Amino acid sequence: MAKEAHQETKEGVLNSSPESGSLDSNAFGVTEPYDDGVKPRASFPRRAINSFKRDPNLRATPRGVITANGAVFDVESAAKNTADSPLARKLKGRHLQMIAIGGSIGTGLFVASGKSLSNGGPASVLIAYSLIGMMLFCTVQALGEMAVILPVAGSFSAYSTRFLDPAWGFAMGWNYAMQWLIVLPLEVVAAAITVQYWNSSVSPAAWVSIFLVIIISINLFGVRGYGEAEFVFSIVKVIAVVGFIILGICLDVGGGPGGSYIGGKYWRYPGAFHNGFKGLCSVFVTAAFAFAGTELVGLAAAEAANPRKSLPTAVKQVFWRITLFYVVSLTFVGLLVPYNDGRLIGSSSSDAKASPFVIAIENAGIHGLDSVMNVVIMISVISVGNSAVYGSSRTLAALAEQSQAPKIFAYIDREGRPLVAIIFASLLGIIAFLAASGAEEDVFIWLQALSGLSSIFTWGSICLCHIRFRRAWKLQRHALNELAYRSQAGVLGSWLGFIFNILVLIVQFWVGIAPIPESDGVRITGARHLVENFFQAYLAVPVVLLFYIPYKIYYKTPFMRCKDMDLRTGIRELNLKELLAEEEVEKAAWPKWKKAYKVVC
């Protein structure tokens, strides 16, 4: 008994506190063992290994509220999970700007544009790329408006779930993930084609291995590594395209080694158009493939440090990307390379080793510069492959967070990397080893067919989401001045973008069932060849429907009503009205030149 009393007295003294009016152990000069709270720093290898472990404060996203039969999709849980995603927010404004300007410029522009020129002629290329560019400007403006106020994981696929239909969000998420999963081997196959310009004796498998190792290594450095790599790659591509435009002007007016004036000679012979209106229609899907990835700036918003500040500027840069890098550069390609040049991809099934940009330089007789352009193409391949792993892994992680993909893809490590999704995307890069089979051109065409129309679905969904978002915003009694950023194209631009995407799907269906003649003028006949051509032109459509219809039937998901849409979950700044009011006062004091500059940049 005495022992217990003594113990109580001892504990009472040691556990007392100044707040309670009693003494603690320090009052008697009793001190705890020295501990400054700083743990010894682990070695670099140990820190690297530990960074891949799951963050101890995070866990796999719960499935949400599901009924007994497991056939109910919980929209509220999906919105919360994508808003609270543990992805690292380390992208700065300069990263987003360079991603918007040149992040996904790659073989779609430098290599596949040769097929567009071969099928449609220079005028068709100019018209199709300009129309796709106008549509994409409206689309990215709409995406920017939604992404600034709701920078959630998954971006446009999550918006489809919130503002359209969870089943359509599921289909769009997997459509976009598959698009980028396919683009990785597609870009590496394109690299194998381009490298053969220098040396065809080395096995394509060797080049495939080298590029895959580089791309995977960059993505294992996390979103900061991706951002820094894209910053450098984009600068190289910007310099290369601007340099080509300047060179194109000189060559066209007779400033090349030969000194001969070219002007519009190739627009007169062999002509501005090839295969008539159908040739023009056939260019749209190739143009869509070339522009694919422009929407990545919206996906990156979830990992931006301050999307409200950095994203509007990045979105505005898209106009210059479309105008300068695509329309202007391809105009000079059409002036310098005739569409009947046998080296263009699509012109011949046996000789598709060079880019139209390289051919233009080669035709001018400038030795060495063609190899420099091929080096730029190699860098572009790494860049777009880098974006492919980034885009697919983040989309898979967002799908998992919404219970629309296996939960393992929601694994986020301590550095904020969706590690399992990155590994999965990287493993699919082994498809590129088909390039070593000698059928790399066929592989390139089939992979491009699947990924080209995927972008059309994505862009159409973004436009429709924006239309529905604006309708819900108004119906729920919000004013437009409450939006942190407003689309410069407005709702009208989204309607134009949506309708144009539908028209592209229609004309592509026509080209699929009634294909243009081969390069030698022979029409495609026979059931097998017609079916093959149709699926090369329209493969993405049945794939999207295969995802949408069964999911819709099983889960019985509702079409989202505007009055029920969640417009709050995911907003980072709770005092947004006050912040916007302060910014308006600041903008009013800007000089006129700065106001004009901020409209376009």
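Positions of Cβ are set from backbone N, Cα and C atoms, glycine also.
A TrEMBL annotation is a machine prediction, not a hand-curated record.
Not measured: the values here are computed from a predicted model.
TrEMBL lists 1-42 with the feature region 'Disordered'. TrEMBL lists 1-11 with the feature compositional bias 'Basic and acidic residues'. Taken from TrEMBL, the feature compositional bias 'Polar residues' applies to 14-25. What TrEMBL lists as domain 'Amino acid permease/ SLC12A' is 95-562. What TrEMBL lists as transmembrane segment is 96-114, 126-159, 180-198, 204-223, 235-256, 276-297, 318-339, 375-397, 418-439, 445-469, 490-513, 533-551.
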Exercise for the section: Please work out whether the transmembrane segment (235-256) lies in contact with the transmembrane segment (375-397), by counting C-beta pairs under 8 angstroms that are 6 or more apart in sequence and asking whether there are at least 3. Expected result: yes
Completion exercise
Contact set of the transmembrane segment (126-159) with the rest of its chain, CB cutoff 8 A exclusive, min separation 6+ beyond the ends, reads 78-79, 82-83, 85, 87, 100, 116, 120, 169, 172-173, 176, 280, 283-284, 286-288, 290-291, 294-295, 297-299, 301-302, 304, 307-308, 311-312, 314-315, 318-319, 322-323, 326-327, 330-331, 334, 394-395, 397-399, 401-402, 458-459, 461-463, 465-466, 469, 483-489, 493-494, 496-497, 500-501, 504, 567, 570-572, 576
Fill in the blank from the handout: Looking only at the domain 'Amino acid permease/ SLC12A' (95-562), mean pLDDT returns 85
